[in-house]
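A.B. asks: One structure is given below, represented as structure tokens, and several questions about it will come after.
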């Protein structure tokens, strides 16, 4: 068949290094850029097959998110802007690891298993981040699409969430929005301006925000979007890519892990700041107080602010919609207690770590708010919830207070990118909520106090000896480990701990919380020792925290 001859011919221009094995995970493929050319070509092939199979447009994003500049990666986007289905993740891994001579049989195997009609048209949207390797690697994706006679649209430089948005817009025939970067800016900006009209007497100081663009694509896109915001948000952009290195000592991951502001940013005490990650799908907020103490407002604090705002609006309009916050075991215990006991946002659902688990759980509710502590998250509205909000707006019997709250709800729906966590969209939503509530970043931070916590890693010979249940909060094996954790936790106040195997390396991750940092550290050391002894630790025994 001529089609496969073309694949064979093109594939020889994108050869696979012998013996290289990569796994498609939550973040797609990610490694050193120099090892990825063949992967990109093959993901172009796979996206084309997925498009033919779903009869819909598929996205391919070339990015390595918060990884260092020399890395790159690729992830596929399914028709509604969601992550690739798990079965197709396994096809991606098979295709990526097939030696050169086995590529065509592996490709044909997918075609046969999925009964794909090769005469069906295929459409693939491709985007890339600002890494120096992204241009040549995205071209390899486009080569893969054309080798199977697919149609492609190259969006060039876009954030990961923007490409998710484009794919969703295209496959809803424009119901979700216009599948252009300008269309994205217009939709979000219009909603932001409408929302901030409900904020009284905002000063220029209150409209001001310092943004750390991680020297990545998010910085470029914030610059492009600024004019659409009509000075309702006045951004000071740092780490804009003009001189710094991508993700180097800046960006959301650096700020979260190091618990300090990024380099390259000049901030005054009390000034509101946020950091994006390299592909702008994560965001964290922070400020430094007059004593120089650093305060981080992470995904837990954002989920709390957003869900509180939504619950208040639902109460004002009298809509009986089921709202839930979805967290992982890493969510700070204080946030969970605040949501359950103070705000009465029920239920607070806990899922396994990983965006796909959070997204899936959030879909079970009328309104599902989910954020990982690292700042990746969004809000999902069911179709029924969106319809009820629309019906309210058309109801002539509602009073002015209800009408205002219904309009706020409608604009909140429009400002949110429901396909995936989106730093730009989340930033605009947080800024709008703070403006409407007349809250400072300090007042937001004071909603609850995070319990001191500690995360450690213990090297083991085989991470598979650890098996967990209850959304990774309890260890089922090895025998005796959970009992050891339980008896250790009882020695401390306001304490909890869990352990889980890494998804990528032979280490066990340990998380602890307690009333003081000293106790959280001591608990982490004791639990680490239990893991080392009972789960086959390798190397030196864990030492107490200094």
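The chain as shown is numbered from 1 upward.
Note: Cβ is positioned from N, Cα and C throughout, glycine not excepted.
Okay, so TrEMBL annotates it like this:
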ACT_SITE  65  active site, phosphoserine intermediate
BINDING   65, 277, 279, 281  Mg(2+) binding site
BINDING   372, 373, 374, 500, 501, 502, 503, 504, 509  substrate binding site
DOMAIN    52-86  domain 'Alpha-D-phosphohexomutase alpha/beta/alpha'
DOMAIN    119-167  domain 'Alpha-D-phosphohexomutase alpha/beta/alpha'
DOMAIN    180-284  domain 'Phosphoacetylglucosamine mutase AMG1'
DOMAIN    298-438  domain 'Phosphoacetylglucosamine mutase AMG1'
A.B. asks: Taking 8 Å from the centroid of the Cβ atoms of 65, 277, 279, 281 as the cut-off, which other residues in that chain fall inside it around the Mg(2+) site?
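C.D. replies: Here the nearby residues are 63, 66, 159, 160, 216, 276, 278, 280, 282, 376, 423.
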A.B. asks: Between residue 279 (Mg(2+) binding site) and residue 65 (active site, phosphoserine intermediate), what is the CA-CA distance rounded to a whole number of Å?
C.D. replies: 5
A.B. asks: Should any of the binding-site residues 372, 501, 503, 509 have a Cα within 10 Å of the Cα of residue 277 (Mg(2+) binding site), which are they?
C.D. replies: none
A.B. asks: Considering only the recorded positions 65, 372, 501, which fall within 10 Å of residue 281 (Mg(2+) binding site) when distances are taken between Cα atoms?
C.D. replies: 65
A.B. asks: Between the Cα atoms of residue 509 (substrate binding site) and the residue listed as 'active site, phosphoserine intermediate', what distance do you get, rounded to the nearest Å?
C.D. replies: 22
A.B. asks: To see if you understand the setup: which same-chain residues, six or more apart in sequence, place their Cβ under 8 Å from that of residue 501 (substrate binding site)?
C.D. replies: 463, 464, 466, 468, 507, 508, 509
A.B. asks: Return the count of C-beta atoms lying within 10 angstroms of the C-beta of residue 503 (substrate binding site), excluding that atom itself.
C.D. replies: 13
A.B. asks: Express the distance between the Cα positions of residue 374 (substrate binding site) and residue 65 (active site, phosphoserine intermediate) as a whole number of Å.
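C.D. replies: Distance between the two Cα atoms comes out at 13 Å.
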A.B. asks: Could you check the binding-site residues 279, 372 and say which one's CB has the fewest neighbouring CB atoms inside 10 Å?
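C.D. replies: Counting other Cβ atoms within 10 Å of each of the binding-site residues 279, 372 gives the minimum at 372.
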A.B. asks: Measuring Cα to Cα, how far is residue 503 (substrate binding site) from residue 65 (active site, phosphoserine intermediate) in Å?
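C.D. replies: On Cα coordinates alone, these residues lie 18 Å apart.
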A.B. asks: Identify, among the recorded positions 65, 374, the residue whose Cβ has the fewest other Cβ atoms within 10 Å in this structure.
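C.D. replies: Least crowded of the recorded positions 65, 374, by Cβ count within 10 Å, is 374.
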A.B. asks: Give the number of CB atoms, excluding that of residue 277 (Mg(2+) binding site) itself, located within 10 Å of its CB.
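C.D. replies: There are 31 of them.
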